[in-house]
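Positions annotated as substrate binding site by Swiss-Prot: W54, Y146, K277, G310, R394. Among the features that Swiss-Prot reports, pyridoxal 5'-phosphate binding site is placed at G114, S115, D248, P311, T312. The N6-(pyridoxal phosphate)lysine annotation in Swiss-Prot covers K277.
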Amino acid sequence: MSVTASDLAFDQRHIWHPYTSMSRPLPCYPIESASGVELQLADGRSLVDGMSSWWAAIHGYNHPRLNQAASQQLEKMSHVMFGGITHPAAISLCRRLVEMTPEALQCVFLADSGSVAVEVSLKMALQYWQARGERRQRILTLRHGYHGDTFGAMSVCDPDNSMHSLYQGYLAPHLFATAPQCRFDEEWREEDIAPFAALLEQHAGEVAAVILEPVVQGAGGMRIYHPTYLKRVRDVVRVAIKLLLIADEIATGFGRTGKLFACEHAQVVPDILCLGKALTGGYMTLSATLTTRHVAETISNGAAGCFMHGPTFMGNPLACAVADASLALLAENRWQAQVSAIETQLKRELLPLGRCRRWPHVRVLGAIGVVEMREPVDVAELQRGFVERGVWIRPFGKLIYLMPPYIIEAEQLSRLTAAVADAAR
């Protein structure tokens, strides 16, 4: 079915796209199909995808093994409630998750999206302390962080970036430490942890957990910080009052930074781990929140007798089957060479741009490449130019960045980096 001019007019008038004004909507480009690393426009042009559909489609599009997993599961059942029922797809997926994550993380809660995974992690932390008889209700997090758009997740996002002022009185008043300043490739400076440690000491009796994005702060600014900061956070949290550490790896999990999980850069094991995005290879919405048996049993032995959360589509068999197939692909370990090759090429083709005074900073880690401008970019104008060049890149704020599928070829990646370089000029 082709998209007509009438369809686009309907879309513009009636369909509310993410972060888009209904009175002044940004242009939308109709995609009719996708395969490998290319998106097929309705007018026949193809675009090399540099976004992995917001960082999720790590294996590319229309992957035969993921298609097969979805098709086979669809013939059995697309959905069944998860309350009082289980099924092979969920069991196999959770077994893989337990095997590939740190040994301490033994209990898996499946949910609908990354935002919900964060909601689940925050509820776990609050219920954990209630079960222990302590009234700890605040979360300590970092400036420039992003954890999702639902109310609980928003409450631990950067107050300025997430416009907390719009929802004053509704969002919980949490604690925000100064974001780490020491970059990944710089020499570690111990004073970088001081604002975090001071804030935690000041509010030690109130804090239930610390939540952060390990090493890479994603939608809050694509900031790549020193792994030692994460290690020192873990040390401060453990030594001080044994608070729970929540790692939001929704954007970084499953190889994006060059490690399977970004926490591995600092050899840190969190108490709660949030996963999403690439979990299904970008096919369907699904997330997972993993925690230790200690946390799970403490919650279960509390007054409620259980963890108080249960989405309608929890453990959806179709999503679980595709996620299981996606993780099976990762387990074959081709991603390591793929991400390493992407990182090498991004450094070769993007880092020289950092010599220009117009760009405060160009940074690369794993399959992430970021060019930061001095002023906010014109998203609509840049997007139009990118499409004309046959690439799909979605800038935001001051940033033009790439997070391509792992299967991208060198020539395709060069088309993306060349487009970024030209746009930045």
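Cβ coordinates are placed from backbone N, Cα and C, and glycine is handled just like the others.
Classification of D248 (pyridoxal 5'-phosphate binding site) by DSSP places it within a strand. In this entry, pyridoxal 5'-phosphate is bound by G114, S115, D248, P311, T312, whose most widely separated C-alpha atoms sit 23 angstrom apart. Annotation for W54 (substrate binding site): spatial neighbours K277, R394, criterion Cβ-Cβ under 8 Å with sequence separation of six or more. Around the Cβ of G114 (pyridoxal 5'-phosphate binding site), the same chain contributes G148, I250, A251, C274, G276, K277, S287, each under 8 angstroms and 6 or more positions distant in sequence. Sorting the binding-site residues G310, P311 by the number of other Cβ atoms within 10 Å puts P311 first.
For the substrate site, whose annotated binding residues are W54, Y146, K277, G310, R394, the maximal Cα to Cα separation is 34 Å. Here the Cα atom of P311 (pyridoxal 5'-phosphate binding site) is found 23 Å from that of Y146 (substrate binding site).
A count of other CB atoms within 10 A of each Cβ picks out S115 as the most crowded of the binding-site residues S115, T312. Annotation note: R394 (substrate binding site) sits in a coil segment as assigned by DSSP.
Its Cβ taken as reference, K277 (substrate binding site) is surrounded by 28 other Cβ atoms within 10 Å in the chains shown.
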